[in-house]
Amino acid sequence: MPWGRRGRRGGGSGYNPWSYSLPYRSIFNSGGRRRNRQPDVDQHEPPRSKPLLGGKPVRFYSYSRDEGRREREDLSSAPAPDAKTLTVKSCDLKIRENCRAHNTWRYEITLERKNPKLVVRRGQPFDLELEFNREYDPAQDDLKLVFEAGEKPNPAKGTLVQFILSDKDKPKEWGAKIVSKKGHNLKISVFTPPTVYVGKWEFSVEVVKKSESTVDVYTYEHDGPIYILFNPWCKDDSVYLDDEELLKEYCLSETGRIYCGSCRNITSRPWNYGQFESSILDCALYLLDVGELVWTSRGNPIQVVRKISAVVNSNDEGGVLVGNWSGKYEDGKSPLSWTGSVGILEQYWENKKPVKYGQCWVFSGVSTTVCRALGIPARSVTNFASAHDTDGSVTIDIMFEESGERDDYMTDDSIWNFHVWNEAWMARPDLPKGFGGWQAFDATPQELSNDVYACGPVSVQAIKQGEINLQYDAPFVFAEVNADRMYWFPAVGGKMECVGCDKKIVGKFISTKLPNSSMRLDLTNTYKPEEGSAEERAAVLKANQLGSSRADLYELAKNKDVTFTLKQDSENTWVGGDFDAFLTIRNDSKQARTVSGRIAVSTMYYTGVVASKLKSEPFASITLKPGQEHEQKIKVTSREYDGKLKDCCMLDMSVWAVVKETNQHHTSKDDFRLRKPHLTIKAPDKTEAGKEFQAEVSFTNPLDGPLTKCSVTVDGLNRPLDFPQGNVAPKGTFMATLPITPKKLGHTELIVIFNSAQLEDINGSHPIFIQGQV
């Protein structure tokens, strides 16, 4: 009776001993829990095994041949291997040597004292050494290597791979050849295709002993999986990146910067990606299971990255992070309090429940970690004045009532002060030539894509050219960086008329960290041509034609002869201080103009949503001669905004005005961020792993009231550490000495963040070199 978990095998004169395999296996699934597959034999009749060196078994089975059929012998009579039968005693995966060669030695799971794991990159050979009970003789010993992945390994799906030793190189295929032979030991080089599925693979070695009547299969099952990752160092891998400095930054660097603030006050948050921490790789692979990504798609970085954009948020697939923009985080953790991805992913891995809470930079930081852990070059990217287009029109449509007040009910689109997404590097064979390279994707849950909250990957080059018909979610991303803001007022008959257009509002200072530096790298010209250029306007018009915008909008939104400009000195505006905002009105016509209107200041969320109106002052019947300018000022004191600031200390200035003689309607808005104090860090530039040192941190409280519920979080050198602190007096200086014991090696950053009930996200970082041995 045919049996065995790898399917039915044939026999007869065409008998192939490699068609026989184990009926029973124990595997680790990607969630890390061990479970036994049910054998195709009775429960009271398990396969026999003999423990060998290191506690790893050789399982053995006996089969008979009879008139072209094979029948399973009674397992109780299957012969144990004798001294002449070749069996595997142990397998040395050469973890240290292989991980150095594959740029994976930083993964903590490869460094564990007990049961370290082998992590390799696809398309690159790795070595292993088998120890037998006697010398291997290729003339009489049949040897086969077996790799299995997933719940149901299947040769047709490429998740069950079996091959024999060969002297021939087989480019881009599975294979193995003998490197050296010494006594009872055999050193083998194993080749993996550059397209192999990324994940955990079970490994075993099968030895077959044939006689006239039986075939005995002796299988050595290695204890623990082999991790196979994407390989950006391999020319044949679709994530290949031919720049060593960029590889160091976007694959190997564990710390970085995520930019935030506003386009006139750009600040950075140090972030610990920590992709090599002990549980991060397992968690990254588990996320592919959570998203139910089929194994046949796990070798395709396009599909892997798209799935990452869906599972880093928890909206559809029970993913990592719960988004929260309400300002209320009592049952979780404020998004501003996170210093990196490690604490988030470790909590998710341990509990298998979504972590509370995240906002865009947190979703992006975690996405960068997951991509880098899997071997995909990735970076976090910030777009200032980032449009959120809800209807695919690739314009931001602001609706007004007849009174001149904004119609918030009818206005669905918005412009965020900043928004952080990701880029991943890969080829795009599914697109026309020239659209490979950096691909934008976004895990922040904003709009549905194919019925799930996912976005991308979409070619950055396609966005620049206005090719919004290319996959995935190009219209949404194009609008984020290059939408025009349209103003709509009611016209005669109840129709809405486009009365104004801002063409240079959206997509400012698109930023990421400069490789091998703490400075900012501007990416704006990779997403769009120079603002206002013929090329930029052509891309916008092409996108509008491919999108759902009306073709005549730009004719309707004609320029007017009175101009309005909002100004605010954001460089010198600090939390705790007063500030002024200015509206400059200029008459560019040859006749006098009379202007009336209102200027207002509000606190806001960084998503562009107004939180609290602070001040609103009207101005009426200002008469301007031809060419004349007038400056209207509004002053806001710290008392007026005290207790009303939201997470990122954002403020919104808006103006509405009407010109009496021409009935020109004008509305515009600008935003800025109150600056926060910087955290000063005093720490050594060099120290040793495992040796405690002291770090001194300090800053001055800019507020007239005390800071309460204070804490300091330290990250970047070990697991995230929290240090509760006492209150800080009004205008007083905070100082703390923190004991820190580093674990990581090499060049890294000490990341420190101070949080309190009144003021969050006072952060700083300090570069440090950690010496020691792996």
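Yeah, the Cβs are placed from backbone N, Cα and C, and that goes for glycine too.
Sequence annotations record features per position, and here TrEMBL assigns active site to Cys360 (among others). There are 28 other CB atoms within 10 A of the CB of Cys360 (active site), with all protein chains counted.
Annotation comment: TrEMBL describes His419 (among others) as active site. In the structure as shown, the Cβ atom of His419 (active site) sits within 10 Å of 27 other Cβ atoms. In the three-state DSSP reading, His419 (active site) counts as strand.
Mapped onto three states, the DSSP output places Asp442 (active site) in coil. Under the heading active site, TrEMBL lists Asp442 (among others).
According to TrEMBL, the feature Ca(2+) binding site maps to Asn482, Asp484, Glu531, Glu536. When secondary structure is read from DSSP and collapsed to three states, Asn482 (Ca(2+) binding site) falls in the helix class.
According to TrEMBL, the feature compositional bias 'Basic and acidic residues' maps to 37-48.
If you look up TrEMBL, you'll see 352-445 marked as domain 'Transglutaminase-like'.
Residues annotated as region 'Disordered' in TrEMBL: 1-59.
Of the binding-site residues Asp484, Glu531, Glu536, Asp484 has the largest number of other Cβ atoms within 10 Å of its own Cβ. Asn482 (Ca(2+) binding site) has none of the active-site residues Cys360, His419, Asp442 nearby, counting only those with a Cα within 10 angstroms of its own Cα.
Classification of Cys360 (active site) by DSSP places it within a helix. Taking Cβ-Cβ distances under 8 Å and a sequence gap of 6 or more within the same chain, the neighbours of Asp442 (active site) are Ser309, Phe363, Ser364, Trp421, Asn422, Cys455, Gly456, Val477. Across the structure, Cys360 (active site) and Glu536 (Ca(2+) binding site) place their CA atoms 27 angstrom apart. If you measure from the Cα atom of Glu536 (Ca(2+) binding site) to that of His419 (active site), you get 21 Å. Distance between Cα atoms for His419 (active site) and Glu531 (Ca(2+) binding site): 19 Å, as a whole number.
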